[in-house]
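Engineer: So that we are looking at the same thing, I have put the structure below in structure tokens.
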């Protein structure tokens, strides 16, 4: 048992440092943060982002949802909770709608604040006698749609929810290591998670850099995300020691919320933003498939 604990601690440290390395490449390299580059630069960034979208799509369908459904069904059968109601899917939908409602609240507050600031700006202009139109000035009605779309595409809230859902999933991946009882299984799962998480954190960092999040917060997100799998390993070790009866069921329910959150972020944030932007459509789809295929191959081999 002592040697098994040492193996788990080594896995904890390895996951932490490798995640930090791959996460800080997009965050610290100026090339990824340059939004005023050449057309070629913007195209390459867009293709990298499409690749990341394929990674997240694969993570959604081939990793997060299957893991959740397997865990929740195992727990329901173990507790002999038989029902015709699709409870696993309902829990996932609850996570989806939780993010949807929270985002609508945030957007509504932002729009109300923007409207208030607009009125505050217009009143002094009218008092100073500048009520006539300016032909060269921006038209609020015509530009509002574009501002709205851009905000939606790079919403810091959505980036945070992407970070949160991936962080929760990382905790559960760490739990899978912490709950193992044999050395070979710990090493096997750890290697699979190392490869998987390196690609995921790189893709997450690309998305965070492209959003309206300050660099310091991007670094904080990556640092916290890197800690999630080690935290999961520590929790798994603690659960094994404490032998909590309800632990696996609580884990499965939280996985369902994380899966629903991830479905929302993948299909309402990442894919629409990448595929609706103009230019190189077939090449974007190709890179989307490439990201998906690489993760699918890793899942197949793992």
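Even glycines carry a Cβ here, placed using N, Cα and C.
Residues or ranges marked as region 'Disordered' by Swiss-Prot: 123-145. According to Swiss-Prot, the feature topological domain 'Extracellular' maps to 1-6, 66-80, 180-185, 238-251. Positions annotated as topological domain 'Cytoplasmic' by Swiss-Prot, on the basis of sequence analysis: 28-44, 102-158, 207-216, 273-281. Annotated transmembrane segment per Swiss-Prot: 7-27, 45-65, 81-101, 159-179, 186-206, 217-237, 252-272, 282-302, in sequence order, evidence recorded as sequence analysis.
I'm curious about the neighbourhood of these features; can you describe it?
Structural biologist: Across the topological domain 'Extracellular' (1-6), DSSP helix (H, G, I), strand (E, B) and coil residues number 5 helix, 0 strand, 1 coil.
Residues 87-88, 91-92, 172, 248-249, 251-253, 255-256, 258-259 of the same chain lie 6+ residues outside the topological domain 'Extracellular' (66-80) yet bring a C-beta within less than 8 angstroms of a C-beta in it.
Regional average pLDDT for the topological domain 'Extracellular' (238-251) in the model is 73.
Sequence-distant neighbours of the transmembrane segment (45-65) (same chain, 6+ residues past either end, Cβ-Cβ under 8 Å): 32, 37, 92, 162, 169, 196, 199-200, 202-204, 206-207, 210, 255, 258-259, 262-263, 265-266, 270-271, 274, 277, 279-280, 283-285, 287-296, 299.
Counting only same-chain residues 6+ beyond the ends of the transmembrane segment (159-179), those with a CB under 8 A from a CB of the stretch are 8, 11-12, 15, 56, 59, 63-64, 67, 99, 102-103, 186, 189-190, 193, 196-197, 200, 204, 207-208, 211, 213, 221, 224-225, 228-240, 251, 254-255, 257-259, 261-262, 264-265, 269-270.
Taking Cβ pairs closer than 8 Å, the transmembrane segment (186-206) reaches residues 4, 7-8, 11, 14-15, 18-19, 22-27, 32, 48-49, 51-52, 55-56, 59, 63, 162-163, 166, 170, 173-174, 176-177, 180, 218, 221-222, 225-226, 229, 291, 294-295, 298, 302 in its own chain, all 6 or more past its ends.
Outside the transmembrane segment (217-237), and at least 6 residues removed from its termini, the chain residues within Cβ reach (under 8 Å) are 5, 8, 11-13, 15-16, 19-20, 23-24, 27, 160, 163, 166-168, 170-180, 193, 197, 201, 204-205, 208-209.
Distant neighbours of the transmembrane segment (252-272): 52-53, 56-57, 59-60, 64-65, 67-68, 71-72, 74-75, 88, 91-100, 153, 155, 158, 161-162, 164-166, 168-169, 172, 207, 288; these residues of the same chain sit at least 6 beyond its ends, with a Cβ under 8 Å from one of its Cβ atoms.
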Engineer: Report, as numbers and ranges, every residue of the chain located at least six residues beyond the topological domain 'Extracellular' (1-6) whose Cβ falls under 8 Å of a Cβ in that stretch; write 'none' if there are none.
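Structural biologist: Here the qualifying positions are 181-183, 186, 237.
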